[in-house]
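Structure, as structure tokens:
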Amino acid sequence: MAGSEPVSAEGESMAVDAAPRKPRILLAASGSVAAVKFANLCHCFSEWADVRAVSSSGSLHFIDRASMPKDVILYTDEDEWSSWKKLGDSVLHIELRKWADIMVIAPLSANTLGKIAGGLCDNLLTCIVRAWDYSKPFFVAPAMNTLMWNNPFTERHFISIDELGISLIPPVTKRLACGDYGNGAMAEPSTIYSTVRLFYESKAQQGRAVVTLR
């Protein structure tokens, strides 16, 4: 199993100190064909941050695990159950939540969007979301067919997750995997990476300014 290595929850906050560590980024993929780009996304982030990855069962149909960075562990639903044997053992979705400074779901499918908006937690990914500390940054990059994107439920669901403080990295208009042309394609991995990194470094700079003022 890819996720057999234990997770350390040490250093839950994004505190900036004299010798700052790398940011800890938890990347997650849900079951959209855009998950074919997930390995590329992990490579983008792993050059800058410590990365852990989570995949839903649906996303595994599209992720090329052989292309994943060697230093990035990919956790699956199987790991959630196999890592717990008895009372007192660590719970994977809690440990990953504690470990991460930032969570990014890319791609976010219509199905997983609906689950998050409704508070459902029936797999490793959605259990992490349900247990997430929303004082920490959380980004999603949706990917779905244009008609699914334009469905009235999608707007309602995004209103719900926006109230939690989850930030949207909007989809783009292009030829989709199904052959249709329209909005709903996931933003490019480079765009997702630059958005998250710019946010993190901006917050870190603000933190240093506060320390200096004190």
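Quick reminder: no glycine exception, Cβ is built from N, Cα and C everywhere.
FMN binding, as stated in Swiss-Prot, involves GLY31, SER32, VAL33, SER56, SER57, GLY58, SER109, ALA110, ASN111, THR112; the candidate among ALA141, ALA143, ALA185 given for that site is ALA143. The Cβ neighbour count for ARG175 (N-[(R)-4-phosphopantothenoyl]-L-cysteine binding site), using a 10 Å radius and every protein chain shown, is 10. In this structure, the CA atom of HIS93 (active site, proton donor) is 33 Å away from the CA atom of CYS178 (active site, proton donor). Once the Cα atoms of GLY31, SER32, VAL33, SER56, SER57, GLY58, SER109, ALA110, ASN111, THR112, ALA143, the listed binders of FMN, are compared pairwise, the greatest separation found is 16 Å. Other C-beta atoms found within 10 angstroms of the C-beta of ASN111 (FMN binding site) number 15, with every protein chain shown included. Shown are the binding-site residues SER57, SER109, ASN145; the one with the most C-beta atoms within 10 angstroms of its own C-beta is SER109.
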